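Report on one structure; see the data block that follows.
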Amino acid sequence: MEKKMKEEEEEPLSPMARAFQEPSIDCGIVIKFGCKTKINPDVIVDSLKLNVFKHPRFCSLLDDDGTKWLRTDVVNVEEHVFVPDIDPKLTEEDVEWFVEDYISSITMIPLDRTKPLWEVHILNAKTSDAEAICVIRCHHALGDGVSILSLILASTRKTSEPEAFSTLPVPKCRESYNHRRGFSFFRLVLVVCSTVRLIWNTLVDSFLCMATIFFLKDTDTPLKGKPGAIKKFSHRIVSLDDIKLIKNAMEMTINDVLLGVTEAALTRYLHQSYDKTNEEAGTSLTPNRQDLLDRIRLRSLIVVNLRPTGSQSIADMMAKGSKCRWGNYISVILFPFTIALQSDPLVYLSNVKSMIDRKKNSLITYIIYTFSEFVIKAFGINVAVAFQRKIMLNTTMCISNLPGPTEEVSFHGHPIAYFAPSIYGLPQALTIHYLSYANKMIISVAVDPMIIDAHKLCDELEESLKNMKLAILEKGLPNHVN
């Protein structure tokens, strides 16, 4: 009995959690909520007092060497909730700048390790798309985006049905070859070919991953920065129905559409950046220079959730032996973008579709996760972090996509207008997070403001989506939304 109590009080950090809290990375998560009403801080504090002890990570401390969670029976919630004074004379535009600067400033201050590693910041000021802002900041060692989002959604209810929990989109199951009728020999050939392709793709991806660790670097562009810079956080809300329209017309997934939009936006942003540089220098974009732009190597780390399905219930994640797993159960894909202006915006979608289909037919995500755990156990956390940091330094950006509630939700009487998750601590100058919410898609960007114009990049992402929608409508492609 005594041993069991000690195990509950002391829990080892997972290998990925240990990596995230190392000083050379020290990665954190920020989630910005836009509320449709002013936020009552007392309601938030009372709710936290009732729920914080239900979730072990949020009432635990890191031990001195950062290898174990130590359960604490005392959490002073008031010390975790901050309500800064905001000048009531500020305009909506000024408030939006204030919110961006405020979030940037708090991410530069390390979380206090003498208490659980989370904070809540309440900004009761009106912006263009919300009456008030709530910012949750926590350490990535507590869990990945799926874990934290699942925890937050467990505390929300549907605005239309105050007693009902929020619902998430259910992934559609694809029909397996095993359930299709046909000549058995033909099915056998398909299985053999598919297996060979899977092995080949995995070997190629493994080689590219190792090459990136040791020598393969992305081209230096106006999107590639240096580690240690302060991050600026911005977001843009677009129509999820527009994305679904493109998805159905092009017969692809929402993830495919978002990658196509990203490739188009990055291309537009880079070409305009180089055009501006040439104008300032009094030169033109020569054919040789154009050829150089077309040969840019620009890769993103796409974060992949390794759980069986998308966001999980907290009960499932906390259950011992569960396959859902609370914590940092994620891996990455190395995804190359093609930087070339296209007269037809739908070409961007075709480009990413062929590449992501090949990446899906590979075991590289599981190999990277298993390899990271092996290196930590065999050679120590410093070697593993050095490898992870090298991959991030030699690539340009990071992308994540999370499914959110299918209907509007409220938190203890506060209807939520949007969720905007992001991350800080990575050495890359750019991260993009996509999150669906009701009939919206929220695009969140975190950038090094000395290198990248966050608002300009958001403009390009929004414009690229509009161009693709117009191209679909002009070509008369089937455009039903579901």
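Note: Cβ is positioned from N, Cα and C throughout, glycine not excepted.
Among the features that Swiss-Prot reports, active site, proton acceptor is placed at H140, with the record citing sequence analysis. H140 (active site, proton acceptor) has a Cβ environment of 26 other Cβ atoms inside 10 Å. Annotation note: H140 (active site, proton acceptor) sits in a helical segment as assigned by DSSP.
Annotation comment: Swiss-Prot describes N394 as N-linked glycosylation site, evidence class sequence analysis. Long-range Cβ neighbours of N394 (N-linked glycosylation site) (same chain, at least 6 residues apart, Cβ-Cβ under 8 Å): T212, I213, L216, K217, D218.
Taken from Swiss-Prot, the feature topological domain 'Cytoplasmic' applies to 1-195 (among others), supported by a curator's inference.
Annotation comment: Swiss-Prot describes 217-328 (among others) as topological domain 'Lumenal', evidence class a curator's inference. Regional average pLDDT for the topological domain 'Lumenal' (217-328) in the model is 80.
What Swiss-Prot records for 350-366 (among others) is topological domain 'Cytoplasmic', and it gives a curator's inference as the kind of evidence.
If you look up Swiss-Prot, you'll see 388-482 (among others) marked as topological domain 'Lumenal', on the strength of a curator's inference.
The transmembrane segment annotation in Swiss-Prot covers 196-216 (among others) and is backed by sequence analysis.
The transmembrane segment annotation in Swiss-Prot covers 329-349 (among others).
Annotated transmembrane segment per Swiss-Prot: 367-387 (among others), in sequence order, evidence recorded as sequence analysis.
In terms of DSSP secondary structure, the topological domain 'Lumenal' (388-482) contains 28 helix, 36 strand, 31 coil. Remote same-chain residues near the transmembrane segment (367-387) are listed as 15-16, 18-19, 22, 24-25, 202, 206, 209, 213, 306, 329-332 (criterion: CB distance under 8 Å, separation of at least six residues from the stretch ends). Within its own chain, the topological domain 'Cytoplasmic' (350-366) is flanked in space by residues 194, 197-198, 201-202, 204-206, 209, 250, 252, 255-256, 259-260, 263, 304, 306, 331-338, which lie at least six positions past its ends and keep a Cβ under 8 Å from the stretch.
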